[in-house]
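Trainee: Take this structure first; my questions come after.
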Amino acid sequence: MQSNGRETEAHFPIHVDGNESEKCEPLSIENKPGRNIDGDDCEPLHSDDYNSLQLDAKNPLSTANVLKTLFFILVWYIFSLLLTLYNKTLLGDHLGRFPAPLLMNTVHFTMQAVLSNLITWIWSSRFQPCVTMTWKDYLTKVVPTALGTALDINLSNASLVSISVTFATMCKSGSPIFLLLFAFAFRLEAPSFKLSGIILIISVGILLTVAKETEFELWGFIFVMLASVMSGFRWSMTQILLQREAYGLKNPFTLMSYVTPVMAIVTLMLSLGLDPWKEFASNGYFNSIWHVTRSSLLMLFGGALAFCMVLTEYILVSVTSAVTVTVAGVVKEAVTILVAVFYFHDKFTWLKGFGLIIIMIGVSLFNWYKYQKLQQKSSEDKVVSAQSTTVPGKYVILEEMDEDDGQR
């Protein structure tokens with residue numbers, strides 16, 4: 001990454017098919033990437049294979065687009081479920097009791113960093129960004145995204161040490177609340193009474209799942225709720241990086257190559273300070289060469305699962321939106337709860353079930369809200385297409401419009 005000596009311009013023109021009138025629109029959370037910046041003569045960022053993953057912007061609700069999205073969601077479910085079972089089995093107090101969860105995550109993040117950078121280096125003509133990112137953008141956009149992602153994953157794994165998968169999953173189902181709050185803060189979504197009501201419904205569901213929890217553990221609860229906050233933050237930032245042309249990180253491999261090294265370094269520093277390194281020599285996972293080898297293979301296996309899961313998440317965000325991933329994630333968590341009940345024999349009461357149903361109702365209402373918004377946008381695009389002139393439209397980021405108005 002090199003600094004080009006100047007900051008990125010505030011307006012990023014994007015060609016909108018069929019629209020020739022000069023028009024400025026706020027960046028919506030449903031806007032899709034995939035078009036070159038006006039006047040940019042560099043090669044397209046995506047390879048032919050990756051371009052085939054992009055949804056058709058002209059008809060986002062077509063059967064092919066829906067099936068493609070569902071396929072990626074299903075693959076994401078599989079890898080995420082396997083990784084959850086792996087983490088709980090290895091870290092749980094009454095199961096594997098692996099002594100160094102932060103070291104394990106460091107190995108996972110390092111493996112993701114090595115694989116993503118190797119892929120972008122081998123196929124540099126396909127995956128290297130054609131837009132040079134400034135150091136200011138790197139420090140204010142990439143580093144916070146990496147920190148949020150690292151904290152989300154580390155806090156989630158720390159909570160699994162002391163609380164059940166079922167309880168942790170139901171608490172983590174509140175992540176759409178924090179995603180919306182950060183979307184409001186970053187002006188990716190406009191606040192409304194409908195969205196506020198949906199947030200309230202999901203909050204009530206979470207409270208019911210927490211109420212009368214017989215195995216309630218305070219620190220585990222705090223860790224998983226902080227992880228939910230970080231989840232909302234990191235997915236909002238991830239969408240900004242993936243869907244804004246100026247950063248040149250639309251490709252998931254490219255984004256991973258930028259974010260994961262920071263995640264690995266931060267987690268290694270936490271591991272050196274918090275993991276019980278002095279006790280490793282007497283622990284069953286590290287007290288012999290064979291045990292060290294076995295533990296290393298276990299961590300590498302988890303790293304492979306994490307790489308596949310994160311890559312699928314990034315692909316989903318890049319071709320849809322952060323909200324779509326979060327909504328699909330809540331459904332995934334319901335499946336995770338069912339698996340945990342049968343696999344780990346977690347306790348699941350009627351009150352928890354009622355709370356989970358309320359959460360799902362809130363998420364369904366939000367999904368319906370987004371569907372109506374998408375339908376309305378499709379209708380507006382048809383009207384705009386019928387009234388086309390000769391100048392391409394622009395998408396302008398809301399906060400940057402405000403800055404320009406203040407300078408005039």
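Cβ coordinates come from backbone N, Cα and C, glycine included.
According to TrEMBL, the record shows the following:
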type     : residues : note
COMPBIAS : 32-41    : compositional bias 'Basic and acidic residues'
DOMAIN   : 68-367   : domain 'Sugar phosphate transporter'
REGION   : 21-41    : region 'Disordered'
TRANSMEM : 66-86    : transmembrane segment
TRANSMEM : 98-123   : transmembrane segment
TRANSMEM : 160-186  : transmembrane segment
TRANSMEM : 193-212  : transmembrane segment
TRANSMEM : 218-237  : transmembrane segment
TRANSMEM : 258-277  : transmembrane segment
TRANSMEM : 297-316  : transmembrane segment
TRANSMEM : 323-344  : transmembrane segment
TRANSMEM : 350-369  : transmembrane segment
Trainee: Suppose you look only at the domain 'Sugar phosphate transporter' (68-367); what would the mean pLDDT be?
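Mentor: Mean per-residue confidence for the domain 'Sugar phosphate transporter' (68-367): 83 out of 100.
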Trainee: For the transmembrane segment (193-212), which recorded stretch in the set 66-86, 258-277, 297-316, 350-369 gives the largest number of Cβ pairs separated by under 8 Å?
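Mentor: Comparing 66-86, 258-277, 297-316, 350-369: 350-369 has the most Cβ pairs near the transmembrane segment (193-212).
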Trainee: Between the stretches 98-123, 297-316, 350-369, which one has more Cβ pairs under 8 Å with the transmembrane segment (258-277) than any other?
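Mentor: The stretch I would name here is 98-123.
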Trainee: At a Cβ cut-off of 8 Å, and with pairs 6 or more apart in sequence only, do we get at least 3 pairs between the transmembrane segment (350-369) and the transmembrane segment (160-186), yes or no?
Mentor: yes
Trainee: Quick check for me: are there 3+ Cβ pairs below 8 Å between the transmembrane segment (297-316) and the transmembrane segment (98-123), leaving out pairs under 6 residues apart?
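Mentor: Contact between the transmembrane segment (98-123) and the transmembrane segment (297-316): present, because at least 3 Cβ pairs are under 8 Å.
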